[in-house]
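Database features, via TrEMBL:
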| type | residues | note |
| --- | --- | --- |
| DOMAIN | B:67-530 | domain 'ResB-like' |
| TRANSMEM | B:69-87 | transmembrane segment |
| TRANSMEM | B:126-148 | transmembrane segment |
| TRANSMEM | B:219-240 | transmembrane segment |
| TRANSMEM | B:481-499 | transmembrane segment |
Amino acid sequence: MRRNKTLQFVILAAVLVIGGYAVFQSLFQTTAVMKAGNKPPEFRLLGLDGTAHDLSEYKGKPLILNFWGTWCPPCRAEMPALQSVYDRWKDKGVQLVGINLSEEKLTVQNFAREVGASFPILLDRNRQTEKKYGLKQYPTTFFIGADGKIQDIMIGGPLSENDIESRIAKLMNAKS
Amino acid sequence: MISNTKCECGHQNHIGTVLCEACGKPLIELPDDGQMPAEMRYDGVARRSQKANPSWIDRIWNFFSSVKVAVWLIILTLIGASLGTIYPQEDTFINLDDPAAYYKQNYGNFGVIYHALGLSRTYQSWWFIGLLVMIGTSLVICSLDRVLPLYRALAKQQVRKHLQFLTRQQVVYAGAVPGDQNTWLDGFAKQLKKKRYRIWRDGDALLAEKNRFSRWGPYINHIGLIIFLLAVLGRGIPAWHMDQYISIDDGQTVPIPGTNFFVKNEKFTVEYYTDAELPPTLKGSVRPKMFNTKATLYQCTAACDDPTRDPVLERVKTHDIQVNHPLAYKGLKLYQYDFSEQLRLISVSPVIVNKKTGEQFGPFKLPMRNPALTYQVGPYTLELKDKFMDFGLDEQGRPMTKSRDPNAPAFVFLIKGPDLSAGGEPYIYFPKQNDKVKFGQDVLNRAVADKLDIRVNAMKDVSFSEYTTFLNVRVDKAMPFIWTGAAIFMIGVVIGFYWQHRRIWLRFDGGTLTLGAHTNKNNFGLRNEVAAALNRTGIDVPAKSLDNRRKTH
């Protein structure tokens, strides 16, 4: 009878572990589409500066991630607004990073120079990062808090300076 | 109420025992005349879980040990599974951007409710998986609870059974035997042996048994089901399951996300049915007969995660992917899914013509994706200054690219060379002839257009992609387990269905033979077997008359 008890216990424990894992998986299945509160997926991309950049190096400070392409008219249109917000906030601890949607470096460089965008720009390759972030429309801008969680997602554009400023205010509020 | 579980033969039975484990005497007195056939399920032994004072762990165990509960779980799962078939499931779409809108648009209010209830993801829902887990638990516990006592009961069977046990069987004969009792018994045993029965004798009592293994069929079947269920749940492990789609132009190499594999579409070909091959109703329509992607799989061996360098690729395998003939490598499978006809340049090898002298220089190879930044062609130096994949003009009239694909590629070079200014002169080059005309290359290049020309001499100098192929990339590590589970399941079904466990008991009381026989299925066959053996040993009795259940007189 002692052995029966152990067997019972082992089987019920196995059920709890396996079943619990399966049900847990189904409850917290992460879809590719990002939502506020999610942690942004990691990436490692080449910057226009010629070096590799990880998402982790932007940790600890509010970060604005803007996905854009030179072939997308609203992306092109919001570049000046992003640049002027960047100029205003870069010394106050807000980071702005543009991720280009898998175009060639030459094309991206020329466009950035043309519109006077000097904020850091990283180059996605083969649409991999864009897929990880589950982009559906361009541009898409993620506002990530100092805690490393997505606070706001702006899908589509062009964003005005006001749009960006109001979200930065939220990011800064959350920080203090 | 404490019931006495000690049998008159002296054997102490477990609580819940129906027939004495030793002599087979019914322990639960039946109210009427005792003619009713005995309850022979699990040989009348108690299930493991039947206990006097169950603890909380016993109570959970008992819940899952109940066949009634198992049946309800199965019914609920069936109902749940059928709900998932009302509208298409979300995961059957490749690109469903906004599922809520899709269901509303296509199925109206019911669609909205369907999606809101989560039925558009029925098979991934917590309650459906929860039901599967509970069925699995029930399978394990039900089986264990029954198979162990049954095994023990069948392993230590008593040859001499209680008279009531025999007369309560479904196949019964009682009467005198011709001649000497022992001689008859020997003859009868011989007849049964011929039918491949195993015989045990205890004085004037006899037990004949065959095909006991058939009783294990259902439990083998359950083991198969459990493996099957575990494999299905195993698909939830991220590394076990992948299902994604990639599109590749001819000649293009793309990474397979989530792996360190790359795949190159060497060449896609499609064959169409000729009109002669088509039935009259389809004549004139375009019907693909065969499509084939010649694909090469590469494995990244170095710099896979280093964006500053190109990954180092090592060829793994080349395969012609056709419908139902995927490229398979270590559990990774690439299936042909779709294709689209899309003429795109891969590279051109143009020459530079000095218009004054008529001299030709080159050719030089100019790929549409990731070209070099400088080219030295004869006396000319070409510096790539800008590049557009899909040339067009934006609202302000500035050149831009309209997409990321090389639909209308344009190259802006700074050319230095004979007759050109020392600092070089800009020159825009459209490799596609129709773009050259459409965008007015010669007008854009002004004076330089009179001095030189970049052109492709022959079609052999152009390489282009005619088609974009769509591949479905799959990993399903659960499949071998699913097949194993299914095979074991089938073996169990065959064992349980095609053989029958048959037992015949007999004893003499004052020279009168009493015979009882039991089987779990096909009573008809058992009656015939018993009747044949009786007939051959001098007892003339029709098989039908042995049927205890029909003895109403």
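Cβ atoms here come from the backbone N, Cα and C positions, even for glycine.
Since the structure is predicted, the reported quantities are computational estimates derived from the model, not experimental observations.
Most Cβ pairs within less than 8 Å of the transmembrane segment (B:219-240), among stretches B:69-87, B:126-148, B:481-499, belong to B:481-499. Here the transmembrane segment (B:126-148) has long-range neighbours at 42, 47-49, 61, 64-67, 69-70, 73-74, 76-77, 80-81, 84, 216, 218-219, 222-223, 225-226, 229-230, 232-233, 236, meaning same-chain residues at least 6 beyond its ends whose C-beta is under 8 angstroms from one of its own. Averaged across the domain 'ResB-like' (B:67-530), pLDDT for the predicted model comes to 90.
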